[in-house]
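Per TrEMBL, the features are as follows:
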DOMAIN    A:529-652  domain 'STAS'
TRANSMEM  A:178-202  transmembrane segment
TRANSMEM  A:208-227  transmembrane segment
TRANSMEM  A:234-253  transmembrane segment
TRANSMEM  A:259-276  transmembrane segment
TRANSMEM  A:288-309  transmembrane segment
TRANSMEM  A:415-437  transmembrane segment
TRANSMEM  A:443-466  transmembrane segment
TRANSMEM  A:473-501  transmembrane segment
2 protein chains.
Amino acid sequence: MEPSTDPNNSNNAVANPNVHHHCMDMEAEITAPEVHKVVAPPPRTTLQKLKSRLKETFFPDDPLRQFEGQPRGKRFILGAQYVFPILQWGPHYSLQLFKSDIVAGLTIASLAIPQGISYAKLASLPPIVGLYSSFAPPLVYAVLGSSRDLAVGPVSIASLLMGSMLRQEVSPTKQPLLFLQLAFSSTFFAGLFQASLGFLRLGFIIDFLSKATLIGFMAGAAIIVSLQQLKSLLGIVHFTPQMGLVPVLSSVFHQTNEWSWQTILMGVCFLGLLLLARHVSMRRPRLFWISAGAPLLSVILSTLVVFAFKAQHHGISIIGKLQEGLNPPSWDMLHFHGSYLGLVMKTGLITGIISLTEGIAVGRTFAALKNYQVDGNKEMIAIGLMNIVGSSTSCYVTTGAFSRSAVNHNAGAKTAVSNIVMSITVMVTLLFLMPLFQYTPNVVLGAIIVTAVIGLIDVPAAYAIWKIDKFDFVVMLCAFFGVLFISVQDGLAIAVGISIFKILLQITRPKTVMLGNIPGTDLYRNLHQYKEAIRISGFLILSIEASINFTNTTYLKERISRWIDEYEAEDVKKQSCLRYVILELSAVSAIDTSGVSFFNDLRLALEKKNIELVLVNPLGEVMEKLQKADEGNDLLRQDSLYLSVGEAVASLSSSLKPAARV
Amino acid sequence: MEPSTDPNNSNNAVANPNVHHHCMDMEAEITAPEVHKVVAPPPRTTLQKLKSRLKETFFPDDPLRQFEGQPRGKRFILGAQYVFPILQWGPHYSLQLFKSDIVAGLTIASLAIPQGISYAKLASLPPIVGLYSSFAPPLVYAVLGSSRDLAVGPVSIASLLMGSMLRQEVSPTKQPLLFLQLAFSSTFFAGLFQASLGFLRLGFIIDFLSKATLIGFMAGAAIIVSLQQLKSLLGIVHFTPQMGLVPVLSSVFHQTNEWSWQTILMGVCFLGLLLLARHVSMRRPRLFWISAGAPLLSVILSTLVVFAFKAQHHGISIIGKLQEGLNPPSWDMLHFHGSYLGLVMKTGLITGIISLTEGIAVGRTFAALKNYQVDGNKEMIAIGLMNIVGSSTSCYVTTGAFSRSAVNHNAGAKTAVSNIVMSITVMVTLLFLMPLFQYTPNVVLGAIIVTAVIGLIDVPAAYAIWKIDKFDFVVMLCAFFGVLFISVQDGLAIAVGISIFKILLQITRPKTVMLGNIPGTDLYRNLHQYKEAIRISGFLILSIEASINFTNTTYLKERISRWIDEYEAEDVKKQSCLRYVILELSAVSAIDTSGVSFFNDLRLALEKKNIELVLVNPLGEVMEKLQKADEGNDLLRQDSLYLSVGEAVASLSSSLKPAARV
């Protein structure tokens, strides 16, 4: 009975297997139980296998699918659209869309300007670099990026990381020019590294930062960043250059004489204002503009207050004079050799990965909300090129910022034009409004940073992790406390190391479970999970739940021999005897040469005990390798290889009968 | 129908599922298809889970099983026997066994004496240290070791590694005493490390050296060792201290003026004799004593020749005077601090792991032949303690040697008493026979080493690996060429790194395959592997063949969305439409928090396309975590969770029918 492909008939086709099956069973009762053969997949050459493996590894999303079967001209257009997504949406751009984008763009600009200044200070860079970084990179991203919601610019975590890593070797106060050069060079390497990852389709590297790691890391970093703000919030002049929880707190409480009550008062007021605005917007997402506008409002208000009361003479530190004008070129400031090359490459690598992770995650989050695709590798190239361009136009590391992207999305951004609007607004600021920031107090910038990073501490997510997976929770805690007490980059490294170790441990110690028959079916399931499942006397049915490779063959040998010993110890009481060990291999997706010897060794060991080894449902690759290795011995004899446990048990127990009668 | 546990009735019980199943199917046709519920395993506390996880990780063989339910006195005896296996076999020792053991012991002693001297020279140590190392460690092993066939003593690979690593910092000719001290210290750390691995039940670390890695490494090391022997075989005086293929060969061919024809002649003769003996014994295992006795015979013959012709005055270099007497104590020579501590710890670690790997592998090989168990972790403690004791009695790293153990086995060794016999023979040699070795030419020692290591080049095994698994072959080549052209330890490190990378890549890119129904059954199998399997219209049935965790959720999302796109592209032609995506999770043994979010994200994404997500057979841990995470949303609704694909398709297509009729 061939399945019908006629859609009108599809219900029948679906119901067929059952009917068909039923007929077969009828026959099966008359003759011997029916057995289906296990076959290997059709043979392929090594080259074909390598090709399909490489495709699965580097092009799982098959980005060139759309080009197939298209005429040449169309292919060229599709190719250009693939490289420059602006060509995709640009032609259809309308006034309607522009109206939405201009509102969103102005909103995020009002957030980007104070945050840019603040984050640059966090990275120990001149405040104006933060504004430069909000001007050039968004323009690049608008052309190359495929996310419609990402608002790009400097972000807190990358700023913190870059500042803290560079400060380990160079002092930003004693050698400001060198520090700036190193920051630009690190940005260049970050961009180069990001673009290469995307170009080489190695985007999966960022997947090794698990959600648990990131939550712990972000929370730790948020606290470190907030602690750094105690300098401006309390008005301390001689602050420790270290980042850890202990040195910062000890520095704060040893310098109580430097605390300035005017600064503290101002800080508390504006921090309260900003937190209130944040709270309101979180409660009512439609009021997003309150928290979006609050930072700029605070800057304006506080600047007016300082200006009016001449507060800079009363212990409140201010930004000071800022240079007017657009980004100066900086390609002659990049270090490609010399003694700091290692430092800038390392800094670029780590800030590059972290900012990439944030940018991609944010892009994917909003793409999922609006139901469009973001190609991770393409985004990496876009973010990477943006940073390479940035590094030669006086910008430091930028990426898609979570808070600003959320505001962008809520404000109704439709395309990357909102980034262009933001960029132009920042340009106008750079050209004409810089003198206005002269009296902006540093304390308000500190308050803005604290408000921005406080959202990175995600307690509900941490609780959910605790509930679902205790090990992930431990990983999270390691990242968190590592960042707090050791250092930002070491905390991250420890958490990643532990996560990978966990996976290796899972492979080294794969689960083996005993299966039993679910009454009334042909199904065999875990006896521990399904209490109604029953053991079949004379059979030990084990399921191996992982690939078999060199890391676990020794373990599997020991574990299976323990299963057999335990089974036999029970059998002695019951006076029955073990005849067959059935290995259900449905979950063994791959084996290597050690895995192949494992089966041979096991078969020999069982033979000595007069027990037969039966394999059930080896998957394609496993079957293929067993077949190749099986010239000469008989691991794959017809009576020791079945397609399902049910068939194996039925067939073997029917052959048991005559033996029992003899 | 309850299954019978009566053994006489077991055939019926076994046949039952099928009969039962058949009845059920009959009913199924009349009413709705029967559906079995997926349940989570019985709840356990975190502590219980941790406990069972730790047990599976560290005590998979459950070594304390035998103690259960035994009275106190018996337990004590069992415990003592567990720690000192000699107490297990000692009481039953008989004259019969001793007759076998004494033959085997004398045979391996005749091999151990020349090999001990040769291997010590390979490690750049005084020849007598090789004999010391064949005296004390075997006695310790006889008491603690659980293998009956292992012949312990110095081995070629560990000697080569220790020599080459220590020579990187200290010259054995310029600072012989310091070099000796460092060798003993490295031995101490090797032993400490080995014993700790066993004591902490971390024996699985050596499993990370896969068979492919070891074959490549051994072959490379054998060539390096043989090349080193060109010094003695050609009689070169000024030999390069480097180990690589290139420097050694260039040194050999730049010093042709130092070649001594007398040495070469003698070398060729004895090498031919030894290789011939080896060949005969390999052809006829019963003639093992030919290759076992050949080295000692060669030493005696060559010594006589040198003595008779006064060949030491004709360009043949000899060992020279050796000190008589037993092992002097050396605990005061161990370095526990100072500038070489790092070096000796590193050397100890690497030689420790490598010699452990050899010892355990050899022990397991012969245990499997004679059908007894060798507990890996216990063996590690035995080998470790043996080296710790060795380091304070002037011995360097020792382990179970493959070639001597094979001879031991063939010579009929029954227990570890053969090691004691060997040890006593070596003792007699040390006390009385040392002057006889004065005139032994170095060239014959070189020939003995070459003959011993040539067996490490295992071409048939390499060919088998090539046939079965191309990637393993690449790993093997990396180890081989890394050892030859970079360095012994780097070659090993590269190969291990690549093997682990392969495993991580497998996890990052798990296979997803499309399943189809095997006609005439309820089974669903890979469409690519089983050509007769048929697709069910309206259903996309995918099997995920790996744990779902943070490293692969992104990939899986992309890959599944590509499956859907491809399916829909085909469907457009057929005018049918995709209604259900069924994920068969039988091979997903674990998930983490990222995996849980993956399912939720996927369900939401599919909902937007009006496709329903159906999960089939989530295993215990997966079910548990999904349940914990599922408060509030409906991933685990009854109509989207089935025990088998067959039931899911039957049930869902019966619910499709009315919808189609509307």
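Positions of Cβ are set from backbone N, Cα and C atoms, glycine also.
Highest Cβ pair count under 8 Å relative to the transmembrane segment (A:259-276), across stretches A:178-202, A:208-227, A:288-309, A:443-466, A:473-501: A:443-466.
Here the domain 'STAS' (A:529-652) has a mean pLDDT of 85 out of 100. At the 8 Å Cβ threshold, with sequence separation of at least 6, the transmembrane segment (A:443-466) comes into contact with the transmembrane segment (A:208-227) through 3 or more pairs. The transmembrane segment (A:234-253) makes contact with the transmembrane segment (A:208-227): 3 or more of their CB pairs lie within 8 A, with pairs spaced 6 or more apart in sequence. A Cβ distance under 8 Å defines the sequence-distant neighbours of the transmembrane segment (A:208-227), meaning residues of its chain 6+ beyond its ends; these are 122, 156-157, 160-161, 243-245, 248-249, 353, 357, 361, 449-450, 453-454, 456-458, 461-462, 465, 469, 472-473, 475-484, 488, 491-492, 495-496, 499-500. Residue counts for the domain 'STAS' (A:529-652) under DSSP (helix as H, G, I; strand as E, B; rest coil) come to 59 helix, 21 strand, 44 coil.
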